[in-house]
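> Pasting the relevant annotations from Swiss-Prot:
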type	residues	note
TRANSMEM	33-53	transmembrane segment
TRANSMEM	77-98	transmembrane segment
BINDING	H83, H182	heme b b562 binding site
BINDING	H97, H196	heme b b566 binding site
TRANSMEM	113-133	transmembrane segment
TRANSMEM	178-198	transmembrane segment
BINDING	H201	ubiquinone binding site
TRANSMEM	226-246	transmembrane segment
TRANSMEM	288-308	transmembrane segment
TRANSMEM	320-340	transmembrane segment
TRANSMEM	347-367	transmembrane segment
Amino acid sequence: MTIMRKTHPLIKIINHSFIDLPTPSNISSWWNFGSLLGICLMVQITTGLFLAMHYTSDTATAFSSVTHICRDVNYGWLIRYLHANGASMFFICLFIHVGRGIYYGSYMLNETWNIGIILLLTTMATAFVGYVLPWGQMSFWGATVITNLLSAIPYIGTTLVEWIWGGFSVDKATLTRFFAFHFILPFIITAMVLVHLLFLHETGSNNPSGLNSDSDKIPFHPYYTFKDLLGILLLLMVLMILVLFFPDVLGDPDNYTPANPLNTPAHIXPXXYFLFAYAILRSIPNKLGGVLALLLSILILAAFPLLNSSKQHGLTYRPLTQIIYWIFIANLLILTWIGGQPVEYPFTTIGQIASISYFTIIIILMPIASMIENNILKLHA
């Protein structure tokens, strides 16, 4: 008798993806973040669904409905903070996942990488429209500032902004449509995740050595199911510590003040996970230039496969590029710090230097390091 999981049309797909999947025997914990992202997405959709049951997307009642969720709904405070801090954990896992992809050369799996970039952009869009929903001061002014950036687009900019707003300012129509977007996008993300996995399983996973691992594969279950389970437990533990002890540490105090179009907050700063991009945006004095730099800060990821000239897969045996990579990570952390600082000296100057460094490292330094390493290899061949 044949095993049902190998013959049943539906279960067979799950079997080939999570049970009998041939996996490299040496993939490290850096490969855990894919499954952690899946868990984050499920947590966000579940908590989001329960929040949507009590939330009202009307400017008059949105802020009050969030207060009502926290005060009157059974465990509403828990659901709300799980959703808010779950988003932060989601982005931390996302950035580590992308960072691992850059370090180990996973961008050479072109289709998987490109779908991943689209996923990153879609997730950022989802988080942005979600941040507007509580209708606090930072929600309102964040929405105003970021949507206003589109007015920098020549010729159609102003019309486009008013079209997105559904009026001449961020108002009731904007909030309603942002709620609609925030509800539908996670399901689109889920569909794209399946495509992401489909392309990944076409080629198989990369591994830390960067060598072909066809001769040394092990089944995904039980080895990596349990390894993933450990990662999930650690993720949930960190998330629960965050939610139960420091629920507001990543939030903004201004968002506990209801939205007021007549009063601008002293410093408009986005959520913790967008600060690096916000710093790049602010570092360019020209509006259109800033918007283009903001877009390029993410889209430049698509250039990695094109800029790669190394004879080796990944940075495991490439010490020079490793040094540049870690300088790049440090630079990214500096940008994150600058994004949360006021627009004044010396922060503006540091931001400009860090922004130039961000693009210089990717476009110039990494390819040069690859060429040097290739020449060293030739000398010792």
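Heads up, the Cβ atoms here are built off N, Cα and C, so glycines get one too.
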> About how far apart, in whole Å, are the alpha carbons (Cα) of H196 (heme b b566 binding site) and H182 (heme b b562 binding site)?
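One finds 21 Å between the Cα atoms of these residues.
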> List only the single closest residue to H201 (ubiquinone binding site), chosen from the binding-site residues H83, H97, H182 by CA-CA distance.
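Closest by Cα: H97.
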> Which range wins on Cβ pairs under 8 Å with the transmembrane segment (33-53): 113-133, 226-246, 288-308, 320-340?
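The stretch with the most contacts is 226-246.
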> Three-state secondary structure of H83 (heme b b562 binding site) from DSSP?
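SS state of H83 (heme b b562 binding site) = helix.
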> Can we call the transmembrane segment (320-340) and the transmembrane segment (347-367) in contact, meaning three or more C-beta pairs below 8 angstroms at a sequence separation of 6+?
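These two segments touch.
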> Would you mind listing, in sequence order, the residues at least six apart from H182 (heme b b562 binding site) in the same chain with a Cβ closer than 8 Å to its Cβ?
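Once residues fewer than 6 apart are set aside, H182 (heme b b562 binding site) is near G48, T126, V129, G130, L133.
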> Using a Cβ-Cβ cut-off of under 8 Å, list the residues of the same chain that are 6+ residues beyond the ends of the transmembrane segment (113-133) and lie near it.
55, 57, 62, 66, 87, 90-91, 94, 98, 101, 106-107, 139-140, 142-143, 146, 174-175, 178-179, 181-182, 185-186, 188-189, 192-193, 195-196, 199, 270-271, 273-274, 298-299, 301-302, 304-305
> Expressed to the nearest Å, what is the distance separating H83 (heme b b562 binding site) and H97 (heme b b566 binding site) at their Cα atoms?
20
> Can you name the residues of this chain that are 6 or more positions from H97 (heme b b566 binding site) yet have a C-beta less than 8 Å from its C-beta?
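Expected: F33, G34, L37.
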> In the same chain, who gets a Cβ under 8 Å from the transmembrane segment (226-246) while lying at least 6 residues past its ends?
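29, 32-33, 35-36, 39-40, 43, 78, 81-82, 85-86, 88-89, 93.
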> Counting every protein chain present, what is the number of Cβ atoms, excluding its own, within 10 Å of the Cβ of H83 (heme b b562 binding site)?
21
